[in-house]
Amino acid sequence: MAEKHKLLEVKGLTMDFGGLRAVDSVSLEVHEGEIAALIGPNGAGKTTFFNCVTGIYNPTKGDILLHPKGLPTRRLNGLKPNKVTEMGLARTFQNIRLFSDMTVLENVMIGRHCRTSAGIFRSIIRDKSVRREEQEIVESSYQLLKKVGLAEFANEFAKNLPYGAQRRLEIARAMATEPFLLLLDEPAAGMNPQETAELDQLICRISEEERIAILLIEHDMKLVMNISNPIYVMEYGKKIAEGSPQEIKDNPKVIEAYLGEETEEDA
Amino acid sequence: MDYFLELFLGGLTRGSIYALIALGYTMVYGIIQLINFAHGEIYMIGAFVALIVAGILTIYGFAGISVLVLAAIAAIIWACAYGYTLEKIAYRPLRGAPRLSPLISAIGMSIFLQNYVLLAQTSDFLPFPNLIPDFEFMEPVAHIIGSPELVILITTFVTMILLTLLIKKTKVGKAMRATQQDMSMARLVGINVDRIISLTFIIGSALAAIGGVLVASYIGQVNFYIGFLAGVKAFTAAVLGGIGSIPGAVLGGLVLGWTESFAAGYVSSDYEDVFAFGLLVLILILRPAGILGKARKQKV
Amino acid sequence: MKKFTVLLSTAALLLSLATAGFAADTIKLGVAGPHSGDLAPYGIPSMKAAQLVVKKINAAGGVLGKQVELLIQDDQCKPEMATNAATKLVTDGAHVVLGHICSGATKAALGIYNDAKVPVMSPSATNPALTQSGDYPNFFRTIASDDMQARMAVDFTINDLGMKKVAVLHDKGDYGKGFAEFAKKFLEESGKAEVVLFEGVTPGAMDYSSIIQKVRREKAEALIWGGYHPEASKIVAQMKRKRMKAAFVSDDGVKDDSFLKVAGKSAEGAYMTGPRDLSGNALNKAANDEFKAEYGADPGAFFQEGYSAALALLNAIEKAGTTDYDKVVAALRTEYVETPVGKIKFDARGDAEGVGFSVYTVENGAFKELK
Amino acid sequence: MLKDFKQSILISIWFVFLTFPLMAVRVNTTEQMVEWRWMTILWVAIGSFVLSYAWRYFLAKKQLKKKDDEEGGKHSKLQLLMEDMNFRYKAMGVLLVLALVFPLVFDTYQNTIMISALIYVVLGLGLNISVGLAGLLDLGYVAFFAVGAYSYALLNYHFDLGFWTILPVGGILGCLFGVVLGFPILRLRGDYLAIVTLGFGMIIKVVLENWSSFSFGPSGIANIDKPGLFGMDMNIDSSTIYIYYIMIALVVFTILITNRLKNSRIGRAWIALREDEIACVAMGIDMARTKLSAYALGAFWAGMVGVLFAAKTTFINPASFTFMESAIILSIVVLGGMGSILGVILGAFILILLPEYLRAFSEYRMLAFGAAMVLMMIFRPQGIISGIRTKYEYKELKEETDNG
């Protein structure tokens, strides 16, 4: 374990909204080849944590460090989301955010944007290099669609896809940005058990075949137990536990957080 | 010092009218995040209806304050009816459509209503009867502030207090605030959201109509086009103050009124509008949510 | 595709209708001006004047034994629409054109008429450059230019009223600002009075209280206003409200019955220039009566000027004995004609000789000629 | 049935009440006269009764269509035809030939108004970039049109520079203005952007009116040179035909370039931005730059065609650049179909040519504009012809090597 390369290192991340502390000094690490999970009850601050890491919010305190392999370390605090993505960190959204009036293929092609270069003038002139680049975008996007099993829908509008397929499309779109770390925000939300099982497989495949490390948020603890290690648990903005699935299962604080959820909700 | 005071009061008068109209913009925006571009036309229609009713009444021999009151009531009734119908026709079918659609629909409605009044009535300027009498006791200060200005200031002040009471103290007001916070949640707890939206349009229209009657009797003329500039300025005021915020709309209206008044008084009235819009751009750059607006965190 | 075909064929049909024209040999009098939009009140009276004149002349046997045909085009006072209207008139073979109403639209259209050798006569375009620049040899007008009006207003202000400090305001428009700039120039040249303020206001703004306070602070004894009556009404009303005594002097755009109606009592004592009062003139009275008989209302702005222009144009054709451009222009410059604005002919630049201007004041809700 | 009838009666009564003071009464306070117009009220009653049926019918149809779309989607025949590339090329060829012979068949007047329509085609296509593709609602678009027109008029007046020299300069100046204005304001959200651009449109007009020493104020600039052709002296007919051909070339050029941009990496980024800003930045697209490029490119076309506008009318003043002009251009884009090039062209022809030919109804023009904008948003938000998504050709990886 120890010799694995550390990709993402978050130290003491804190995010305040006015007087409300949504995330309270949370630290977390993701290593190469890992499928890490961040779980916790509703409103624990998981998505806010994601938004801080991907640049949508600027955290109040703490450090977010990215250690790309073979490149110098970068601090992500305050960077714009598109810069974060360029650095190799892509994400999906809890409430699906597809480009609904674009085709499935185009959605993935958008992901290729930051890895291609044709500007306005070159797009107008459309010389050979631009045409080649366009072809490359189409081909690689199509390959990604095949990987997530959506190739047959390539020319459909994204909004016409079934729910589960939309989630997979979001993953394909994120992968098109060539990340080395993929952040998935509740990828299984709203899926039926069969779809969830397929998704688990897909995530494992991405991790193994594409060598992309994954950090995923899940609300439901059971789902992540099969595929994730390590697991981090948040409650009320604080990290309350971390460790292997077995350690988490046995952790009394986690049990309390999940069992106490209903009774303490109104407090 | 006198000069400053005059400009201050002039700006206050103008600003309080802007504020009255801006309230309509801000309340509607607060609930359905739509710039009701046709709101300025409601103001114009209010003034027109008041003119017609006042005209009929004076011709049939009525006079004095009763004409003003009856005309104002008619203006409010019809402005509310137009506001209600406007929402039903142009905005309700577009609930849930992309953001640009209701906005374009609103611009279309604004153009439509302007030309509807132009064709139904006239393109000419019409004289609006002078319904606000000159008060005796105002005579010594008349060169600084006249009776109509006083009436405008008092009316807007009272209207705003009533509005605040309505929103803070009544059940309807509570429902409005709830809808503004979270529409789907409000629906879940049994608030008839559609009715609340209609009500918001009606209240906004009533305020605009009051503004329309006050301005028309202040400047003494009405024309189908008066709603456009007033609407644009009032909307600017709403954005300045922080759209969605009711005290913001009032503050924004006053700030805009003073800006224009002082710009015209101390710099040049040539560039009055440039100052108004310049201020808007400046404030939006420094505080994108407006002076009193809260930055709405977009849910991701 | 079907829809498109229908559209195309409709368009084609309309095109053929538009281009077919009339084969009959007639004298074609074009009329162009704003007949729709917010400036329509300035264009429609001239159009109606032309209709009345043509009706009358045709009933009397026409011009050169031919019937006169009216070609009416709307330009909404917009330059680009004016060029379209002008092209349309030229294409349809107009021999002479009555129009346009706004100076800007007129300037835009004149080049087209000039190329096609069509004399144009405006009842209302008062921009001095139209006649004084020499760029438009085919242009005539039955109204005096802005600088003449401005000179008159200024002379009246400093000589008759004896004012020493004058504020000049305008509506930033073509007409108003032009007038105001001349007024300022003449005031400065006279050396008798000082221009204490020269500024534009926004037409349609809610009120003008700040600028009026400013006029007071500058201790102006008179306010010269360049612009139209809606803003003038607001200004005089607010001056009265602020208990200001400064004299209000303005232009022809204010000498409109609407000003009396809208400004009401506040209008009392205001001064404005305008074409000389010719209600005593028999032709003028006749034209007025004709209009009342036909439309049951008072004619509006530039009716008399429009009526005169129509008469002058048709008279020139009659006198020239032809519609040939050079001869018609020569006739306009040499032959006097009796019109509602007086007995006129045109000078080399196109301005009417014999059109007089007067200063009016408002007394008991009516205009009264002073000199 | 009965329910519908009852509802329509109620609607009719409501509208009678609503329109009563404005439609039925006209007062003249100076002459103490009230004019009652009962007939118009009758028309309102009948009209609203009939329209309420139409309203219900179309609303139901729209609901039905929505369901259809969700179940796989059906397209109208027109739409399908438009998506057939083969047909499109043929149709374009025919249209181009028609356009080229047009001035030889029709007279100067027809050419003039056709030039007007073509000017609006280019304006529509330019605004389409920022509104239709990138979703940036610009209510002050006419400002850039003014920049182009004034740059030609002023440079021509002061330095006697010719049309062809200024044509690109006007475009570039428009573009520069777009960048300068856009830079501070493009961070604003959609609705705020609308009001600020509206303000800019008004400010430009105010400046042109006031800054007389620069712009000659409200009296405008006259005698602007028409485009020259090797110093030839042309009469009005031939110069109109010449401008017409220049305009056709400009339109073709615009279509070519906007079409290329639309189907490029940049164009896709614009559309993505319109669809979802947050997702867009999360995909690594630089929002500020993408917005600015769309805004400035839109401004480029307005600037360029502004030059031609000045050359065509030979006279310009600030009165030509009002908010109404911006609104008309916007309705061209909206009615034609946001994002659709063909739709915008059709929209421009309908909105500009129809009122020209139906001058008798010109009073109702703006009324119809307004109503059309509302109805279009409600019943056919995609416009006459909706944007066509390109279908990309893709091959399996193996085949690619053969192609290489």
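In case you wondered, yes, glycine gets a Cβ from its N, Cα and C as well.
The transmembrane segment annotation in TrEMBL covers D:40-59 (among others). Counting residues 6+ beyond its ends, the transmembrane segment (D:40-59) has Cβ neighbours under 8 Å at 4, 7-9, 11-16, 19-20, 23-24, 378-379 in the same chain.
For the transmembrane segment (D:87-106), the list of distant contacts is 81, 114, 240-241, 244-245, 248, 252: same-chain residues at least six beyond its ends, Cβ to Cβ under 8 Å. What TrEMBL records for D:87-106 (among others) is transmembrane segment.
TrEMBL lists D:112-129 (among others) with the feature transmembrane segment. The list of residues near the transmembrane segment (D:112-129) in space but at least 6 beyond its ends in sequence, with Cβ under 8 angstroms from a Cβ of it, reads 102-103, 106, 138, 141, 144-145, 240, 243-244, 247-248, 250-251, 254-255, 258, 261, 270, 294, 297-302, 304-305, 308-309, 312, 328-330, 332-333, 336, 338-341, 344-345, 347-349, 351-353, 356.
Outside the transmembrane segment (D:136-155), and at least 6 residues removed from its termini, the chain residues within Cβ reach (under 8 Å) are 123, 126-127, 130, 161, 163, 166, 169-171, 173-174, 177-178, 181, 186, 190-191, 193-195, 197-205, 208, 214-215, 221, 224, 291, 294-295, 298-299, 302-307, 309-311, 316, 318, 320-323, 325-327, 329-330. TrEMBL lists D:136-155 (among others) with the feature transmembrane segment.
Taken from TrEMBL, the feature transmembrane segment applies to D:161-183 (among others).
The transmembrane segment annotation in TrEMBL covers D:190-208 (among others).
Among residues of the same chain six or more beyond the transmembrane segment (D:241-258), those with a C-beta under 8 A of the stretch's C-beta atoms are 96, 99-100, 102-103, 108, 111, 114-115, 118-119, 121-122, 125-126, 128-129, 226-227, 229, 234, 301, 304-305, 308, 311-312, 341, 345. Taken from TrEMBL, the feature transmembrane segment applies to D:241-258 (among others).
Taken from TrEMBL, the feature transmembrane segment applies to D:292-315 (among others).
Among the features that TrEMBL reports, transmembrane segment is placed at D:327-354 (among others). When Cβ-Cβ distances below 8 Å are used as the criterion, the transmembrane segment (D:327-354) is approached by residues 82, 113-114, 116-118, 120-121, 123-125, 127-128, 131-133, 139, 141-142, 251, 255, 258-259, 262, 271, 369, 372-373, 376-377, 382-388 of the same chain, each at least six residues removed from its ends.
Among the features that TrEMBL reports, transmembrane segment is placed at D:366-388 (among others).
Nonlocal intrachain contacts for the transmembrane segment (D:161-183), taken as residues 6+ away from its ends with a CB within less than 8 angstroms of a stretch CB, comprise 143-145, 147-149, 151-152, 155, 200, 225-228, 291-292, 295-304, 306-308, 311.
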